[in-house]
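Student: Shown below is the structure under consideration.
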């Protein structure tokens with residue numbers, strides 16, 4: 001019998017539990033569900049395994065508090081960290097979650113140095129950078145979940161605006177995973193027709209699209225304000241699954257993710273949301289879009305925001321220099 005891929009989920013909160021459920025339903029691989037809180041991953045694993053009997057899934061799920069159980073993982077998704085609460089920006093979490101990420105990175109380096117790693121923990125662009133520097137993994141094997149989620153929000157709002165199926169919408173969001181992200185209407189389409197062309201046809205207006213762009217930028221904050229006790233987890237989990245599946249199945253999908261740039265877009269040694277091709281070797285290629293002067297200015301502003309955040313935690317990162 002062919003052995004299933006081993007997928008470890010670091011963090012068993014709302015996103016971690018949802019990830020485990022989706023992986024089980026899609027039968028992408030056997031799961032290790034890790035958390036520092038005793039009983040939580042074990043309880044969720046048992047619940048999910050019982051749910052799997054109803055769905056007909058034979059996926060094995062192990063709950064654990066021991067990092068050694070992630071040994072030999074093919075892929076790891078990291079959600080561990082403090083979640084956002086009302087009034088908090090993603091960036092408010094930086095100090096606490098940097099410490100958590102350093103611990104996770106050390107254990108990934110020790111037990112699963114060949115894994116493909118997807119980081120979800122906020123502030124995303126900084127946390128995935130910490131993971132790279134502290135783990136020493138190759139940059140093509142460490143990415144952050146950002147643009148797929150941001151684009152999913154943009155897709156929904158555009159589908160509602162144009163009254164079409166979400167399956168007809170394909171949007172593009174670049175930059176940091178924060179309030180300065182750059183939703184690109186020019187690279188977003190409805191069944192292949194660019195948004196600016198649809199505006200010219202009278203199907204929407206520049207004003208409406210700008211409102212949608214602003215709502216997309218605040219998409220996570222809108223959910224935090226409504227929930228009051230936490231942040232989004234269904235869409236972030238679904239976004240990470242799309243990235244994971246492209247890696248495990250060598251689908252070579254082009255997805256917008258936080259990728260480590262080494263000169264692309266004029267950016268050096270930073271994680272920024274850009275389109276990348278994901279296959280069995282990890283990041284196969286960074287896709288460089290031709291941006292207008294206005295788009296490039298917005299992108300550069302977003303990059304500067306990421307740089308400033310990195311500066312605030314560089315003393316905590318041993319490999320920064």
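Every residue, even glycine, has its Cβ placed from backbone N, Cα and C.
Annotated active site, proton acceptor per Swiss-Prot: 177, in sequence order. Taken from Swiss-Prot, the feature NAD(+) binding site covers 11, 12, 13, 14, 15, 16, 35, 97, 120, 121, 122. Residues or ranges marked as substrate binding site in Swiss-Prot (evidence: sequence analysis): 84, 90, 122, 153.
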Student: When the Cα-Cα distance from the residue listed as 'active site, proton acceptor' is computed for each of the binding-site residues 15, 35, 153, which gives the smallest value?
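Tutor: Answer for the nearest of the binding-site residues: 153.
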Student: Listed NAD(+)-binding residues 11, 12, 13, 14, 15, 16, 35, 97, 120, 121, 122 - what's their greatest C-alpha to C-alpha distance in Å?
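Tutor: Largest pairwise Cα separation, rounded: 17 Å.
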Student: C-alpha of residue 84 (substrate binding site) to C-alpha of residue 122 (NAD(+) binding site): distance in Å?
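Tutor: With the alpha carbons as reference points, the distance is 8 Å.
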Student: Go through 11, 13, the listed binding-site residues, and name the one with the sparsest Cβ surroundings, counting other Cβ atoms within 10 Å.
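Tutor: Counting other Cβ atoms within 10 Å of each of the binding-site residues 11, 13 gives the minimum at 13.
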Student: Distance between residue 120 (NAD(+) binding site) and residue 153 (substrate binding site) at the Cα atoms, whole Å?
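Tutor: Just about 16 Å between their Cα atoms.
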Student: Could you work out which of the recorded positions (84, 177) has its C-beta surrounded by the smallest number of other C-beta atoms within 10 A?
Tutor: 84
Student: Any idea what the Cα distance is from residue 35 (NAD(+) binding site) over to residue 153 (substrate binding site), rounded to a whole Å?
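Tutor: If we compare the Cα positions of residue 35 (NAD(+) binding site) and residue 153 (substrate binding site), the gap is 29 Å.
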Student: Within 10 Å of the Cβ of residue 35 (NAD(+) binding site), how many other Cβ atoms can be counted across all chains shown?
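Tutor: Looking across every protein chain shown, the total is 22.
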Student: For residue 15 (NAD(+) binding site), write down the residues of its own chain that are at least 6 apart in sequence and whose Cβ falls under 8 Å from its Cβ; none is a fine answer.
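Tutor: Residue 15 (NAD(+) binding site) has long-range Cβ partners 79, 120, 233, 236, 237, 240.
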